[in-house]
Each structure stands twice: as structure tokens, then as C-alpha cells.
Amino acid sequence: MSTGGDFGNPLRKFKLVFLGEQSVGKTSLITRFMYDSFDNTYQATIGIDFLSKTMYLEDRTVRLQLWDTAGQERFRSLIPSYIRDSTVAVVVYDITNVNSFQQTTKWIDDVRTERGSDVIIMLVGNKTDLADKRQVSIEEGERKAKELNVMFIETSAKAGYNVKQLFRRVAAALPGMESTQDRSREDMIDIKLEKPQEQPVSEGGCSC
């Protein structure tokens, strides 16, 4: 029933939440995808940021709602509510920081606690431009993804490497989630309009 009528329906919306430790490049990946740019000045995300982009696929057009979460411990209590109605969780680590890689297991566990198996999870090893400082091999990333039954890709937000491919692969996986999306579409529209009151810090509403 959900096939065939796509073009007559309002634009389908899918919520992607970006998770991972501080400074792994979550904001940079979103900025590269949204604006094809990279800011060398690091600025920590304060609370939760939200951006939206229309993506044109071969068979339909979708709107991706990109939720950028803070990696700092003090904001962790906010994150489960954003995971709860997500269609996709993008869990990012820094290939030059083995601890950020080890912590992805916890982030993926958090996603599954909130969403069960009813979610697409993409594990992303970012900062391949710093290959000389690599602490996590691509084989280790692939192995963890296989063990945890998630998708995997390596990227460089700085160089633009594989960023479009990351979103293409996520988009290609979306049709299997249509029933979930239909069920949560109204909630997602409400959330989009809220711009969460949970943001605890008044300054720094934008940390792109």
C-alpha cells in the first residue's frame, strides 16, 4: 500500500540522528553534506542541532531530518529522546582515536535499547585524511560492523571523501523502513517545529 502513491503524498520525512564521542566529526559530516564545506575551527555542539535537506533518489524524493547531538557527557541525558523516533542512527568514530571507536558499542547499544531492531544503523569511521595517525584499521571497523549487524563506511568530512556515498547508502536502505516512517511521520513533524526546549545552554544555538 505504501508503494505506488509516493509522488501524490507529502514529502516523506526520515529522521537521522548522529551519535558518537566529542570531536569525532559529526557536525563536520553534516556540514559537508549540507553545504559541501568544511570548517577547520572546531566548535562543540551545544545540546542538539537540527538541519533538514531534500534528497532526490531515482524513484522518489525524501526529506532527511539531520539531528546533530553533542558528544559531551553532560548532554547524554537528552539523547535517548532523540533516538526514540529516529529512522536512522549514524554512529561516528575518529579513526585516529581508538577510544572513540570502542565507545561506539555503547552508542549502538543505546540505539537498540530505544529502538530495538526497528532502525537502520550506520557505523562511520571518520577522518581518513589523517591516515598517518590511524589507530583503528578499516578491517577492525568492518569486523565490528559485522559483529553488531550494522552498516559500515569510512569517510573524511575534511576531504569530502565518501560523504555523499554515506548518505546514498543510508537513503538506499530507507524503503525497508517505510512502515516505521509512516507510523512516526506526524510525531516527526511536531518535533521539527519545536526546536527543543531541552537545550540547556542559551548561547550557541548554532554550532555548524
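Any Cβ shown, glycine's included, is placed from N, Cα and C.
Values in this document were obtained by computation on a predicted structure and should not be read as measured data.
Annotation comment: Swiss-Prot describes SER2 as N-acetylserine, evidence class experimental evidence. If you look up Swiss-Prot, you'll see 23-28, 39-40, TYR42, THR45, GLY71, 126-127, ASP129, 156-158 marked as GTP binding site. What Swiss-Prot records for THR27, THR45, ASP68 is Mg(2+) binding site. If you look up Swiss-Prot, you'll see 32-50 marked as motif 'Switch 1', on the strength of experimental evidence. If you look up Swiss-Prot, you'll see 69-88 marked as motif 'Switch 2', on the strength of experimental evidence. What Swiss-Prot records for TYR82 is O-AMP-tyrosine, and it gives experimental evidence as the kind of evidence. Here Swiss-Prot flags SER184 as phosphoserine. Per Swiss-Prot, S-geranylgeranyl cysteine is recorded for CYS206, CYS208, and the stated evidence type is similarity to another entry. Taken from Swiss-Prot, the feature cysteine methyl ester applies to CYS208.
Note: the CA-CA distance between ASP68 (Mg(2+) binding site) and ASP39 (GTP binding site) rounds to 16 Å.
Looking only at the binding-site residues SER23, LYS26, ASP39, ALA157, the one with its C-alpha closest to TYR82 (O-AMP-tyrosine) is LYS26. DSSP assigns the residue listed as 'O-AMP-tyrosine' to a helical segment in the three-state reduction. Within the group of binding-site residues (ASP39, ASP68), the Cβ with the highest number of other Cβ atoms inside 10 Å belongs to ASP68.
Recorded residues ASP39 (GTP binding site) and THR27 (Mg(2+) binding site) have their alpha carbons 10 Å apart, per Cα-Cα distance. Just so you know, the Cβ of LYS127 (GTP binding site) picks up 26 other Cβ atoms within 10 Å once every protein chain is counted.
ASP68 (Mg(2+) binding site) carries a strand DSSP state (E or B).
Here the binding-site residues are THR27, ALA157, and the one with the most other Cβ atoms within 10 Å of its Cβ is ALA157. Confidence over the motif 'Switch 1' (32-50), given as mean pLDDT on the 0 to 100 scale, stands at 77.
Look at the recorded positions SER23, TYR82 and count other Cβ atoms within 10 Å of each Cβ; SER23 has the fewest. LYS26 (GTP binding site) is surrounded by 28 other CB atoms, counting those within 10 A of its CB over all protein chains shown. Taken residue by residue with DSSP, ALA157 (GTP binding site) is part of neither helix nor strand, so it is coil.
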